[in-house]
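Visitor: From Swiss-Prot, for reference:
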{"type": "BINDING", "residues": "Cys110, Cys113, Cys127, Cys137", "note": "Zn(2+) binding site"}
{"type": "DOMAIN", "residues": "38-186", "note": "domain 'PADR1 zinc-binding'"}
{"type": "DOMAIN", "residues": "187-274", "note": "domain 'BRCT'"}
{"type": "DOMAIN", "residues": "322-422", "note": "domain 'WGR'"}
{"type": "DOMAIN", "residues": "449-568", "note": "domain 'PARP alpha-helical'"}
{"type": "REGION", "residues": "1-52", "note": "region 'Disordered'"}
{"type": "REGION", "residues": "105-150", "note": "region 'Zinc ribbon'"}
{"type": "REPEAT", "residues": "182-215", "note": "repeat 'TPR 1'"}
{"type": "REPEAT", "residues": "277-310", "note": "repeat 'TPR 2'"}
Amino acid sequence: MKVHETRSHAHMSGDEQKGNLRKHKAEGKLPESEQSQKKAKPENDDGRSVNGAGDAASEYNEFCKAVEENLSIDQIKEVLEINGQDCSAPEETLLAQCQDLLFYGALAKCPLCGGTLICDNEKRFVCGGEISEWCSCVFSTKDPPRKEEPVKIPDSVMNSAISDLIKKHQDPKSRPKRELGSADKPFVGMMISLMGRLTRTHQYWKKKIERNGGKVSNTVQGVTCLVVSPAERERGGTSKMVEAMEQGLPVVSEAWLIDSVEKHEAQPLEAYDVVSDLSVEGKGIPWDKQDPSEEAIESFSAELKMYGKRGVYMDTKLQERGGKIFEKDGLLYNCAFSICDLGKGRNEYCIMQLVTVPDSNLNMYFKRGKVGDDPNAEERLEEWEDEEAAIKEFARLFEEIAGNEFEPWEREKKIQKKPHKFFPIDMDDGIEVRSGALGLRQLGIASAHCKLDSFVANFIKVLCGQEIYNYALMELGLDPPDLPMGMLTDIHLKRCEEVLLEFVEKVKTTKETGQKAEAMWADFSSRWFSLMHSTRPMRLHDVNELADHAASAFETVRDINTASRLIGDMRGDTLDDPLSDRYKKLGCKISVVDKESEDYKMVVKYLETTYEPVKVSDVEYGVSVQNVFAVESDAIPSLDDIKKLPNKVLLWCGSRSSNLLRHIYKGFLPAVCSLPVPGYMFGRAIVCSDAAAEAARYGFTAVDRPEGFLVLAVASLGEEVTEFTSPPEDTKTLEDKKIGVKGLGRKKTEESEHFMWRDDIKVPCGRLVPSEHKDSPLEYNEYAVYDPKQTSIRFLVEVKYEEKGTEIVDVEPE
């Protein structure tokens, strides 16, 4: 066996690295600087020490000094063991644990998982156990539960010089209560201003900031700092940002808010500055330490390194020598793994491949590292002369990484998640769209040789280009360059769906609150982002985040997987008209609607009448129609078929551009789950609206990508329509009976302006006016049907979003 390349010989966790740094310390007595509690005693507002009430703090410091000077490390371990405490921590931590135990009493087990509690940097007690096999425990408190029983003292300590001092604190009734330094409210006294499209809504951050002692201002006058999305600087910023810079106010990223809340204290503003240094590229900063928008820029520009199950990992360079994934007895020796443990802050991936190269031995490639921290990843490429030995080593590594056997997984997908072990990402045999679709340069050549109508060719060019899929995955944080999230097996997608549905039901029925509820959400988030490998996983907290970052993300990944399979590999010779070829595979007829026709005028009128500007921060975006396409698809009921059904309405459907190909190719799919939020409120339904404004919010992606598409579809609501002004408690009945549903919003279209199209299809086109349902969770009316055969896509409306109050000038490239 020959080792060709090794970038890092050992991949160690943070705990392991700390352990190595401590190896030089002498056993037994520890350095005073690391043994003793800090002597500085911060004070509360009333002047009391936060480490204890009154003299208790001083007494505790003297007690700690006595324990440190008189007990050996062996005696310390004996005290901890006899009182049922964990002794696996580093020695300096064991001393602090022992001092706390002897003075304040033995810690009880974690109320969430039964694990062991330890004091974390004198700020709060945290748990070292696991909630489940997916997630480490997230329990933390300043007032830990303690055993209401006398401390057990081993004989060796009873015979020590400080036995009388220790006995004094044995009785639970005589113990003072330990109070730790307060860091609960990091924003006390701060006025913070928000700007731009952050990963969480401004309303979310307003509540979070106020809950943590701060206030939010709509202006920058007198504020502590301005929190922005770094995307704002790329577009030149707004007057608000310019004003802040002119006043010398700190302009920081959203990560400052996130880290300050998580660490319970305000972080240094200068470390999160986004205007004095506009580029992090080349700094080698791990993505989890960057602002989400900065990470997105790097991940978006990174090339996909493995396109699917047969993809040789790009960094091996073996594909340049004709390398192919080794296959034997029906097994492909190419595995990808992910682990996301939000309790420990882990987000890592692993790649294992056996690669055959012409006129060479078998090659084994192994890579493991933190997401976005490529320079520090463990990576090796080894050449094996013995094929059987290489196969055995591959299987051994698989079991080491995943805690399961390779062959049962590869043949039958049998696997059981093990604590602290990776979980396989089940790649499919195909080419992910980020690799197989056409790049910008190739698109120009392909379009020039396309035999389709020029407008249709440009539309197909959008669907077959990498850009819309790259951006969609990037916005969701599901675009890791190492793993092909757009080429997953149906089994893996089904597993994701089952995990999501199981958790949705748990959310609906749970009575948990406080830290137990937080643990439940952390466990799901870790599980979800292990299956849906992300560049920026987050701990989800509520149903709105569940809808945005799980349900909607799943639907997008599912649809992109469909696009990957249809588009395939277009990287070859573009002179063979690949756009026409993919158009034929779609099984549909798409034609541009004449701008002088009645249909075109009807569509434009419907859009303009029911549209309201999309608002991002303090900027509003209007919309203009570029083209209207008529659609006839083999997968969708024809207009003649749909006209045979009752109660037909022409409605708007919002969609990302990345989801369009699937809609045309396969038809609409119902929502993946039922949640009490718009879009999911009526369960597993196909949801539309009579307001173009509602659809436009789904179609709008970002200010620097103003193009989008809205869908107009005919929906048959059936003979019976049920109206709701609040989320229905039971959506299962609606799904089973396939009853048409109308959700009444706070705004409605003026009914006197409605008209009919194609004889008996209602077009609810009218000015948006306030409705009598002022407390509805819906802003606009929503309509839901449960059978895809009740919907028929009629038009795709190509639109352009434009900032209101500005003049748009097209500039030719130099």
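Just so it is clear, glycine is given a Cβ too, placed from its N, Cα and C backbone atoms.
Can you tell me where each of these features sits in the structure?
Guide: The Cβ of Cys113 (Zn(2+) binding site) lies under 8 Å from the Cβ of Cys127, Gly129, Glu130, Ile131, Cys137, Phe139, Ala519, each on the same chain and at least six residues away in sequence. Look at Cys113 (Zn(2+) binding site): DSSP puts it in coil.
Residues belonging to the domain 'PADR1 zinc-binding' (38-186) score a mean pLDDT of 80 in the model.
Broken down with DSSP, the domain 'PARP alpha-helical' (449-568) shows 84 helix, 2 strand, 34 coil.
In the region 'Zinc ribbon' (105-150), helix, strand and coil residues by DSSP number 0 helix, 14 strand, 32 coil.
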Visitor: Just counting, how many other CB atoms are there within 10 A of the CB of Cys137 (Zn(2+) binding site)?
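Guide: There are 25 such Cβ atoms around Cys137 (Zn(2+) binding site).
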Visitor: Can you tell me how many other Cβ atoms are located within 10 Å of the Cβ belonging to Cys127 (Zn(2+) binding site)?
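Guide: Within a 10 Å radius of the Cβ of Cys127 (Zn(2+) binding site) lie 27 other Cβ atoms.
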Visitor: Using the recorded Zn(2+) site (Cys110, Cys113, Cys127, Cys137) as reference, state which further residues of the same chain have their Cβ within 8 Å of the centre of those residues' Cβ atoms, listed in sequence order.
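Guide: Same chain, not in Cys110, Cys113, Cys127, Cys137, Cβ within 8 Å: Lys109, Pro111, Leu112, Gly114, Gly115, Thr116, Leu117, Gly128, Gly129, Glu130, Ile131, Val138, Phe139.
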Visitor: How many of the residues that make up the repeat 'TPR 1' (182-215) does DSSP mark as helix, as strand and as coil?
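Guide: Tallying H, G and I as helix, E and B as strand, the rest coil: 10 helix, 6 strand, 18 coil.
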Visitor: Check each residue in the chain of Cys110 (Zn(2+) binding site) that is at least six apart in sequence and keep those whose C-beta is under 8 Å from its C-beta; list them in sequence order.
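Guide: Correct list: Thr116, Leu117, Cys127, Gly129, Cys137, Phe139.
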Visitor: Helix, strand, coil: count each for the residues of the domain 'WGR' (322-422), based on DSSP.
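Guide: Going through the domain 'WGR' (322-422) residue by residue, I get 26 helix, 41 strand, 34 coil.
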